[in-house]
Every structure is written in C-alpha cells, then in structure tokens.
Amino acid sequence: MDLRQFLMCLSLCTAFALSKPTEKKDRVHHEPQLSDKVHNDAQNFDYDHDAFLGAEEAKTFDQLTPEESKERLGMIVDKIDADKDGFVTEGELRSWIKHAQKKYIYDNVENQWQEFDMNQDGLISWDEYRNVTYGTYLDDPDPDDGFNYKQMMVRDERRFKMADKDGDLIATKEEFTAFLHPEEYDYMKDIVVQETMEDIDKNADGFIDLEEYIGDMYSHDGNTDEPEWVKTEREQFVEFRDKNRDGKMDKEETKDWILPSDYDHAEAEARHLVYESDQNKDGKLTKEEIVDKYDLFVGSQATDFGEALVRHDEF
C-alpha cells in the first residue's frame, strides 16, 4: 500500500467514524489473550500449544507424528535459547511467547521490508524510507488531497529517530519494527503517548481536557442526546483518567490510559511451562526436559485429533 492509498484509507475510516457518532473509538492498547481456548491442563494442552506457538502455527503440529513433533520442537528450543548456554529460562520463554503471539506484526514488517530497502543491504535508512514514502509529494506545496506531507514527514522522522537506538539513522529489522509498531516496544511508549496527545490536544496546551477527550471519541453531528457510553466516558475521565483532579490529563495520566499495565499473560505462561517441565527444579529448562514434555508445548497426532491441515516447514 503506497502513501496515497494509505491516506485515502485513513480518510475513509475517518469519514466512516464521523458518519456513526454512536460508535466508540478506542485508543487503548491492551495485550491480547494468548489463546481463546480454556486453560485446563487436566483436559488438554490446547491453550499451551496456542500460547507457545501462536494459534495458526499450533494447528500445523496436529498432523505430525510424535517423533516429528519432538524433532521440530528441538529446533525451536535452539531458537529460544538466545544466549546459547544450553538452558531456556523463564525470560527467554516469555520473549519467545511474545514473539509467537506477535507473528502478524512481523509478517507485516516482512511485507514492507523489500519496498523500503532500496539498495538491498538488509537495512533501511531514513533517506530510503523518506524517499519511498513521500517521494514527489514534498515538491507540491498544495496537494489536491489536502494532506500536509511535510508535517507528516517531520513526525515520521521523529519516530524513526526514536526507534533507531544507535542514532545512525539506519534501521535494522527490529528497529524498523519498533518504528512501524511502537506500541509493542517499551522504549517507544513515550512517542506513542506524545503522538496521541498531539492528535487529541486541539488547543496545543500540552494537556487533554474533558472536551478534547470526548471529542476524540464522539462527534455530536447535530445530535442533542449523547449515547449512554459517552456519559460513561465523561464519568471515567473525572473518576479515573484525571488522577490529580485538575480537570485535564497530563503525559503520565495519558500513558496510564492508553498503555495500561495489563496482566502479563506471557510471563505467567512461561512460569507455568517451566514449573511443569523442570524435572530437577533448578529454575531453567534443558532441551531434553522440554522435549520430554513435548505434548505440553506442541501437539501431534498422538495428542490432538483435530482436522488434518496442510503442513508447512516454517521452523
């Protein structure tokens, strides 16, 4: 999708939102559930399979023999052991689970990578991104579609620099992922908050007041009666969003709103997997301990009798 298509889509989404004033806009970033299955190990390990592999990848193991499942699981363990010390810790498992759950994000980055890496060096510079994204739009001071491309470019450059940890204006794949999906990275959360406040703070005083907060979610559009959820949001702002009761949200209050400290499902699942598999109770797992409990981590024809699916060899 090029910039013009993206902005057209954005315009249509905005128009759609304005045409449905009773439809609520949600800016809050919640961690998704690891699986829609019930977590009941006494019944089956379906939840654990989804959590460990991601729901789509978990399905591909259901057609494998136990031997094939163990072999592929061993290959996965080698990837999880980030420091290559022969052990898998809770932290490494947590990181793997989060990565597996965010596969759609990495797929999105892969789809865009070739478009921006113009010189095919395995990196994306700010110049490459700027030229591909904005190109000749910057030469037109008064574009037909009304968008301020220079202002958008300044905002993109600020985010790119934040994602670029070493400050060389050249992004690795991980840094480019942080640029495209900043809400997924702790070190990018300040820029998510800043951009959100800039979107909502119409009087540019550095705060979000009640009317700006409601105005971002709801357009009166000639209606005199507000939907019930708008009244509830007004109460939420007063009772919970505006913690210091000064009538507006500052940066920290906005951060608490859009990036709440949710329960860490990945951490809990990593702790559970270690507890169930750690035979010598040293707090970490060997490959042998994980493979011995392969049915907890992955499925196979011996443990799951789901429908046969087309097999692929991603791992």
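Here the Cβ of each residue, glycine as well, is placed from N, Cα and C on the backbone.
According to TrEMBL, the protein has these features:
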- 1-19: signal peptide (SIGNAL)
- 68-103: domain 'EF-hand' (DOMAIN)
- 104-139: domain 'EF-hand' (DOMAIN)
- 151-186: domain 'EF-hand' (DOMAIN)
- 188-223: domain 'EF-hand' (DOMAIN)
- 265-300: domain 'EF-hand' (DOMAIN)
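Cβ atoms under 8 Å from those of the domain 'EF-hand' (188-223) belong to residues 17-18, 21-22, 24-25, 27, 29, 155, 158-159, 162-163, 178, 182, 230, 233-234, 237-238, 241-242, 247-251, 254-255, 258-259 of the same chain, restricted to positions at least 6 beyond its ends. With DSSP classes pooled into helix, strand and coil, the tally for the domain 'EF-hand' (151-186) is 25 helix, 2 strand, 9 coil. Per-class residue totals from DSSP over the domain 'EF-hand' (265-300), listed helix then strand then coil: 23 helix, 1 strand, 12 coil. For the domain 'EF-hand' (68-103), the model's average pLDDT works out to 96.
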